[in-house]
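Novice: Got a structure for you, written out below as structure tokens; questions coming shortly.
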Amino acid sequence: VGFKAGVKDYKLTYYTPDYETKDTDILAAFRVTPQPGVPPEEAGAAVAAESSTGTWTTVWTDGLTSLDRYKGRCYHIEPVPGEESQFIAYVAYPLDLFEEGSVTNMFTSIVGNVFGFKALRALRLEDLRIPTAYVKTFQGPPHGIQVERDKLNKYGRPLLGCTIKPKLGLSAKNYGRAVYECLRGGLDFTKDDENVNSQPFMRWRDRFLFCAEAIYKSQAETGEIKGHYLNATAGTCEDMMKRAVFARELGVPIVMHDYLTGGFTANTTLAHYCRDNGLLLHIHRAMHAVIDRQKNHGMHFRVLAKALRMSGGDHIHAGTVVGKLEGEREITLGFVDLLRDDFIEKDRSRGIYFTQDWVSLPGVLPVASGGIHVWHMPALTEIFGDDSVLQFGGGTLGHPWGNAPGAVANRVALEACVQARNEGRDLAREGNDIIREACKWSPELAAACEVWKEIKFEFEAMDTL
């Protein structure tokens, strides 16, 4: 026999602490929790092997290729402070292992079978460094932040949205009516809920028609460009494309997709169509918590966010920060920057393990939504800045006077915060006062403030930065 048969020690081949990473390598940071008795080098090497060229035993066909050229390498291991049995393994993958322009293929390798590997108790992908050479094979977001602002003719402030509730059960006409009321009141966007697809009580085509009517009517009334995220997510790619095509025929500005449940292949297909046809693409992250919520296993949302920027989307939901823990604020702002900026420096305090250069791939607007209302507006304006979409579902529709006054309240609060910021006032310290002053000339805002006043507004902690 021309080769040595038998089960292999991974670390002989796949643990290479002297390796100098290449600019073209995809780099991954894994949080590894090995089974008791498995040394870190062996576990790290096993991760590199199982997510690249390795198999559990030496095979005859290894001799027909150059392992050195194609293998993943565990090139560095560092302990996790405060965790005895955990460490971070850094793995470098040669670029040739991945199909160009395919997030699907990248994930199949890097977060594929290796996550079920027996020698590990748990495995979490914390971050990826996408090399510029690979970034350039992706189209990325259909339009990006600047083009979106130009299309909408809205500058110098965050955009306002609202998810239409109750999310399931309204007829198409009543749904369109709710959309119209919100847009007329001063919102920029309304949104299909992520689970509104095409159910018996409201088929997609009827909803699209009535929402388009609401958009045109509110545009004529307000003189502003309006949009409604029409959810094109469907059971098959063909149905999804049918919905996107119909949206384009109606002349609406934006459609929506659930990128994790719909899948990366479908998402990239839709993103390409959106760029070719001038549609903005709003992305919802339903199912993300199944993947990213466990600290020890799965993958961090910043990886899903990077993958979305490659696959394509103009907006993506990114949490709210408000009312969360201080540490989470920094981590959230870390991946918000990864979505928006062109070049992001490595910064472990914000959870960013690698410097990422997006080489002019368009940026994605982060969407803050979930449990926010007018009292949060100063905090949101301060934290997210202008390039964001602030979405108030219940915070609009829960207004005691109805949808349009709810929209007015949010718009007045936003404009007051932006104006105060531009005048140099400190939103962190004066947030409550700014909202209270604005109440004097907006009865709608005063009513909203009254409804949600007992909900605490904790925002002092910013001063510690």
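In case you wondered, yes, glycine gets a Cβ from its N, Cα and C as well.
Feature list, courtesy of Swiss-Prot:
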type     : residues                           : note
ACT_SITE : K165                               : active site, proton acceptor
ACT_SITE : H284                               : active site, proton acceptor
BINDING  : N113, T163, K167, R285, H317, S369 : substrate binding site
BINDING  : K191, D193, E194                   : Mg(2+) binding site
MOD_RES  : K4                                 : N6,N6,N6-trimethyllysine
MOD_RES  : K191                               : N6-carboxylysine
SITE     : K324                               : site 'Transition state stabilizer'
Novice: Given the recorded positions K4, D193, H284, which lie close to K167 (substrate binding site), meaning Cα to Cα within 10 A?
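Specialist: D193, listed in sequence order.
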Novice: Checking the recorded positions K4, H284, R285, which are within 10 Å of E194 (Mg(2+) binding site) at the Cα level?
Specialist: H284, R285
Novice: Ranked by the number of other Cβ atoms within 10 Å of their own Cβ, which of the recorded positions K4, K165, K167, K191 ranks first?
Specialist: K191
Novice: Pick from T163, S369: which of these binding-site residues has the biggest number of other Cβ atoms within 10 Å of its Cβ?
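Specialist: Result of the Cβ crowding comparison: T163.
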Novice: Just how many other Cβ atoms lie inside 10 Å of the Cβ on D193 (Mg(2+) binding site)?
Specialist: 18
Novice: Taking only the Cα atoms, work out how far R285 (substrate binding site) lies from K165 (active site, proton acceptor), in Å, as a whole number.
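Specialist: Pair distance, Cα basis, whole Å: 18 Å.
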Novice: Out of K165, K191, D193, which of these recorded positions is nearest K4 (N6,N6,N6-trimethyllysine) by C-alpha distance?
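Specialist: Checked the recorded positions K165, K191, D193; minimum Cα distance to K4 (N6,N6,N6-trimethyllysine) goes to D193.
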Novice: Taking the binding-site residues one at a time (N113, R285), which has its Cβ surrounded by the most other Cβ atoms within 10 Å?
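Specialist: Answer returned by the neighbour count: R285.
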Novice: Including all protein chains shown, what's the count of other C-beta atoms within 10 A of the C-beta of H317 (substrate binding site)?
Specialist: 21
Novice: Have a look at the recorded positions K165, D193, H284 and say which one has the shortest Cα distance to N113 (substrate binding site).
Specialist: H284
Novice: For E194, H284, listed as recorded positions, tell me which one has the smallest number of other Cβ atoms within 10 Å.
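Specialist: Minimum Cβ neighbour count within 10 Å, taken over the recorded positions E194, H284, occurs at E194.
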Novice: What other residues of this chain sit with their CB within 8 A of the center of the CB atoms of K191, D193, E194, the recorded Mg(2+) site?
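Specialist: My list of surrounding residues reads T163, I164, K167, D192, N195, V196, Y229, N231, M256, H284.
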